[in-house]
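Asks: Provided herewith is a single structure, encoded as structure tokens, for subsequent inquiry.
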Amino acid sequence: MAAADGDDSLYPIAVLIDELRNEDVQLRLNSIKKLSTIALALGVERTRSELLPFLTDTIYDEDEVLLALAEQLGTFTTLVGGPEYVHCLLPPLESLATVEETVVRDKAVESLRAISHEHSPSDLEAHFVPLVKRLAGGDWFTSRTSACGLFSVCYPRVSSAVKAELRQYFRNLCSDDTPMVRRAAASKLGEFAKVLELDNVKSEIIPMFSNLASDEQDSVRLLAVEACVNIAQLLPQEDLEALVMPTLRQAAEDKSWRVRYMVADKFTELQKAVGPEITKTDLVPAFQNLMKDCEAEVRAAASHKVKEFCENLSADCRENVIMSQILPCIKELVSDANQHVKSALASVIMGLSPILGKDNTIEHLLPLFLAQLKDECPEVRLNIISNLDCVNEVIGIRQLSQSLLPAIVELAEDAKWRVRLAIIEYMPLLAGQLGVEFFDEKLNSLCMAWLVDHVYAIREAATSNLKKLVEKFGKEWAHATIIPKVLAMSGDPNYLHRMTTLFCINVLSEVCGQDITTKHMLPTVLRMAGDPVANVRFNVAKSLQKIGPILDNSTLQSEVKPILEKLTQDQDVDVKYFAQEALTVLSLA
């Protein structure tokens, strides 16, 4: 296959072809990735007659190389001469669809599915369907698994006799001895059902579905639950009760929690597929059971779906069903022993406010929100605080502040400093949701109180919190509201609080810009250079180094430099050191 020596233009191609045989896997991989270049150079005839047979014969390679090959072949139609020759790509892909490595098989199936659309109906019957049958009847489970993904792409365009054969082959795969094959069939059942005629769905797909849904392996049963969504969408309402619901009821009470989890996970899709009547009679009780399930994973999956499930209930019975059947379960979940369950619920529970309206929210939901705000799990608290806006829209800021704000203030003053820290971290989020006026009235004093907390980590977090608030509300707000209070602390008798002033100025200067920093904050820093406590004085030097780049040169020369030079003569070694460092960094030395 190597190109003739005399033809220089083909030399790189000869190299690439030789590399396909090279012992070094990296070289083989590079060559496979350039396969389209080789094919272009060889032309369509030689690609069909030489390259493809060569590739088909050498499919015993590293998985990485095979994966690249399976991917490349899916885009090869034009390189073999277009749709009339596309069947030439089937032999190498068929071999790849039988290898042991799942990733390679899946990629080969993906490429086969892609090129199936380029076959004419007669080519499908002559070339593609025989391949599907060979794979489906293969000795190794690997080939039978691959076959499952190929039925739905060829079924719609073949004759009714061939369709009947394909349905028979698929039925065999659904009852295969190997669980892996039944699993593959179950995962493709919904997709196959979509391309079948309605009568065949009822007469053939439903029995397969029922069998798979009662398979001895839970991994097969849970995939049947996924298929249930697709199948239910295809059937007319009057057939659902007899054909799908018995199986679905059985799955919702399956002995394996993984199957029940899958039901909970797909619950709102099932709800849309079966419609409002069956939802009311069947799914509401099933949902109650899932919310009370003994397995935490199942309760968490159901909790995630609470809001969406309630939204999808039909309007005439929605409020009644939620209040009488769903809310009692939610109340229990709020104090669940498992934090994943509580967190899942907290992420969606606020969404019930718009559904239930103002009065119900105030009477029934606010007590639950309050309980969650006080939960020991930070995830739960965060999920409530981050969704306050949708409650705010329903009940208004005043009502919200009367009920939830005391709880937030209580947490902000909690004896455990880690709880205080958590609330500080939520503060910018809260401020954004509640707006500037409300913040100034209710929360500003809290934020200032944290700056003088006795725990350093709180003071530090409160400082960076101020910066985030200024980013939200703007520097004019900072100038009017925050800066005066921060500067007032510079005269505090406690030197730790005086130092906090400097730390705040360090971060505020970044967001407030040159003008406010120079006019309002710098004078305080310079004045503090005369503080009796050395710790404060060396922090003045550090602050000047930090805010120096924001100031203009004349200010640096006339105001900052003299103070730093004075500090280099200080009797304290640390003060001297930091003053000298600041002069050097600001190029004033």
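Note that Cβ sites are derived from N, Cα and C of the backbone, with glycine treated the same way.
Pasting the relevant annotations from Swiss-Prot:
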- Ala2: N-acetylalanine (MOD_RES)
- Lys280: N6-acetyllysine (MOD_RES)
- 400-589: region 'PP2A subunit C binding' (REGION)
- 8-46: repeat 'HEAT 1' (REPEAT)
- 47-84: repeat 'HEAT 2' (REPEAT)
- 85-123: repeat 'HEAT 3' (REPEAT)
- 124-161: repeat 'HEAT 4' (REPEAT)
- 162-200: repeat 'HEAT 5' (REPEAT)
- 201-239: repeat 'HEAT 6' (REPEAT)
- 240-278: repeat 'HEAT 7' (REPEAT)
- 400-438: repeat 'HEAT 11' (REPEAT)
- 439-477: repeat 'HEAT 12' (REPEAT)
- 478-516: repeat 'HEAT 13' (REPEAT)
- 517-555: repeat 'HEAT 14' (REPEAT)
- 556-589: repeat 'HEAT 15' (REPEAT)
Asks: Restricting to the repeat 'HEAT 13' (478-516), report the mean pLDDT as a whole number.
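Replies: Result for the repeat 'HEAT 13' (478-516): average pLDDT 88.
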Asks: Tell me, how many other CB atoms lie within 10 A of the CB of Lys280 (N6-acetyllysine), whichever protein chain they belong to?
Replies: 16
Asks: Could you tell me which three-state DSSP class Lys280 (N6-acetyllysine) falls into?
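Replies: The three-state answer is helix.
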